[in-house]
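Listed in TrEMBL:
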DOMAIN    63-382  domain 'FAD dependent oxidoreductase'
BINDING   THR101, SER102, VAL224  FAD binding site
BINDING   TYR281, ARG336  D-dopa binding site
Amino acid sequence: MAGTVRGRGWVRSWGRDALGLGWEDARGPLQAGSETPSSKYCWTMSNTSQRISVTEQHMAERKIAVVGAGLIGLSTAVYISESIPKCSVTVISERFTPNTTSDVAAGMLIPHTYPGTPVHQQKQWFRETFDYLFEISNSSEASDAGIHLVSGWQIFKTIPDEELPFWSDVVLGFRSMTKEELKKFPQHKFGQAFTTLKCDCPSYLVWLEKRLKENGSQVYARRVEDLWELHNKYDIIVNCSGIGSRELMGDLEIYPVRGQVLKVHAPWVKHFIRDGDGLTYIYPGIHNVTLGGTRQKDNWSLSPDPSSSKDIFDRCCVLEPSLQRAQNVMVRVGLRPSRLAVRLQKEMLVHGGKKLPVVHNYGHGSGGFSVHRGTAKEAARLVGECIAALEGSSSKAKL
């Protein structure tokens, strides 16, 4: 299958001939003028090794720009810089920590479910992320990276359809709660106990930036209005712009889900508590406890809502009455870049006879921390394919 789509002064090509080496946009059928990818095609399987296979002999250094400096952008840039030989990585973003959506996130590794992504793929991403962060938590880097283990409970007022979620064998010590444990939550009939990982988000983002700079990567603060702005300086663009992809790429399948949380000082709270589908939660961190939350689809407001703050605090106090003595309450708001499926795929942009390879990695919604390393690994594999295709085209041109 092959074809083109025109829009905004450029042409998108898909099919095996777009770059000359097995290129596939994987978006499914599109109508002329459409810029919205088909979500059911926005996933890719991979069993890549730690180092991407790209032939180094006679290979020119490839310049790669990663657009976006939230969790997904930074982690993808780090993986590319550590796994692909002879490439330079530059991160370009309008915002950096502490002013990103990722800085607001609770950072708990409890997976969000993506309806448009196969479960086995979600589990692979989660396992790769969990294993990576678990290794860091057992190293001298744990404090700087803000990563630690935390145990707690996920509780339900009715028994869930799936008593064993797909990720139950990835976290540590997953089991059903005992009757004695459930006495703490008299309004709930069923619960699960396990140990997982938590990231102190601002610390982790700073740590990722440090890793990038140690690898020789560069970071620039600027707004990107169009990916073609980068064409003359970079060979491949990796789009990790999150909710910005709605405007940048014309992707109308991505939408905001407004999340408001409270950060409080309550050092006596040691166990996490997650109620049902996760709307109400208490997540203890290194510096504070995160209380949540809200899920307001298509709400673009970044202004704190006092009524939501009161509702969040009241709900959390029902689960953990000692929180009534919490101090230093701070309100944070972020817009989760949500989609039915993470968009993780290659795309070839064509404009005036010029081609620009792009790898997309965005649309993680509320589940970004749980899968970020896994999707970064897959994005790096796709970048490796782009480089191999460019090298193949270059070799043919010399014949």
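Residue numbering: from 1, along the chain as shown.
Every residue, even glycine, has its Cβ placed from backbone N, Cα and C.
Bear in mind that the values here come from a model prediction, so they are computed numbers and not experimental data.
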Local backbone state of VAL224 (FAD binding site), from DSSP in three classes: coil
Distant-in-sequence Cβ neighbours of TYR281 (D-dopa binding site), under 8 Å, six or more positions away: ALA106, MET108, PHE272, ILE273, ARG274, ASP275, THR290, LEU291, GLY292, GLY293, CYS316
Neighbour count (Cβ, 10 Å) for THR101 (FAD binding site): 22
Cβ atoms near VAL224 (FAD binding site) (within 10 Å, other residues, all chains): 20
For THR101 (FAD binding site), the three-state class that DSSP assigns: helix
Inter-residue Cα distance where the pair is ARG336 (D-dopa binding site) and SER102 (FAD binding site), in Å: 9
Euclidean distance between Cα atoms of ARG336 (D-dopa binding site) and VAL224 (FAD binding site), Å: 20
